[in-house]
């Protein structure tokens, strides 16, 4: 593996030591990210319920919110911009862009076309925020030994923010109505942007934007054989569960369940994910990344099968199981990416990988919209079938890899890395994130497995 990137931005002032500085930066990043994610998840409950109230159509409600994720199709171009400009500035502008979209959205909720367009546009800021906040700022601003812990803390905070966002979204929708609730979400994005201004600036790259070259860099990562297996597997998984929360929220709302109760039900599952994120580095630490991915996939599939049972306590249990599996996956995924992808190309590489894996998530909304004509277990059958197929694909890959290794003796990836970076990579592989030794990454990980994360990593 190549030597770690410098922990400081080029124009940052030196600090007496990396640990206190890392803690301060991480506190700011976590605080800003929490405000942003609380807003995201309030939006995830307010928009589907607002559209459902206006149109009385479950399908239209799901499609409207799914449009927010369609912008991942253009994520390689956003990645090119992120790599060229001050990362802090990009992160701040992403929050403000979303806030502006929601101010206009609050004034036009009665128009389905306006809602669809503004939700779509807000997704641009959402994609830029996710890529910068989770994949670029930490390797740029946090010293290598602390990155694994930083990722675990950030993702745990994000999972907790989902719970807060859902609860506030349900309460706000009930007490204030959709328009006022939407304006409150816009205010949260503004606060997130203001807090992010406290981060150190990360110097812009002098390299000029070259879209063709940038796309080539990103697609070289996706084109590796091991990564291709994973991209197919996780894209199918996201197609199955990428819009699971809006699907559940809309189904419960269509059944007449109180919005506060809906928020509480969803919060129980997401709290499980928040706890799982903190323990993720210690989940099956001696297993290979490929096997960890398979275990998470199977656990998550079992959770979805329980969600299909039309008994509320069983569905809550299933959602908790599914959230646990996804949360454990995401911490490792992000950690390993940060340790294997050079920070100078992290935006482009991650954006291209996420274009496929996370880009499948909004299509899940269209799948559930189509399935809304079905009743009972049949409604969940398409998602279960897709996830089962994804598990078979990954199981075949794991079996082939085990045969190649001559028995599949458990081993930790990244053994050539030194010091704390090696430990962080090894522990961070719990979801199977080895991105592969792409050009310029080095020899510490010869043929890793690029991991985009399932539903949670979008």
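Using the three backbone atoms N, Cα and C, a Cβ is placed for every residue, glycine included.
Quick look at what TrEMBL annotates:
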- 58-82: transmembrane segment (TRANSMEM)
- 89-109: transmembrane segment (TRANSMEM)
- 115-138: transmembrane segment (TRANSMEM)
- 163-181: transmembrane segment (TRANSMEM)
- 187-206: transmembrane segment (TRANSMEM)
- 227-249: transmembrane segment (TRANSMEM)
- 261-281: transmembrane segment (TRANSMEM)
- 293-311: transmembrane segment (TRANSMEM)
- 317-337: transmembrane segment (TRANSMEM)
- 349-371: transmembrane segment (TRANSMEM)
- 377-396: transmembrane segment (TRANSMEM)
- 436-458: region 'Disordered' (REGION)
- 439-458: compositional bias 'Gly residues' (COMPBIAS)
- Contact between the transmembrane segment (261-281) and the transmembrane segment (163-181) (at least 3 Cβ pairs under 8 Å, separation 6+): yes
- Taking 58-82, 115-138, 227-249, 293-311, 377-396 as candidates, which has the most Cβ pairs under 8 Å with the transmembrane segment (349-371)? 58-82
- Could you tell me what the rest of the chain brings near the transmembrane segment (163-181), counting residues at least six beyond its ends with Cβ under 8 Å? 34, 37-46, 49-50, 53, 106-107, 109, 245, 258-264, 266-267, 270-271, 274
- Message: Please report, as numbers and ranges, the same-chain residues at least 6 past the borders of the transmembrane segment (293-311) whose CB is under 8 Å from any CB of it.
- Response: 230, 233, 237, 240-241, 244, 248, 284, 287, 317-326, 328-329, 376-377, 379-380, 383-384, 387-388, 390-391, 394-395, 398, 431-432, 449, 451, 454
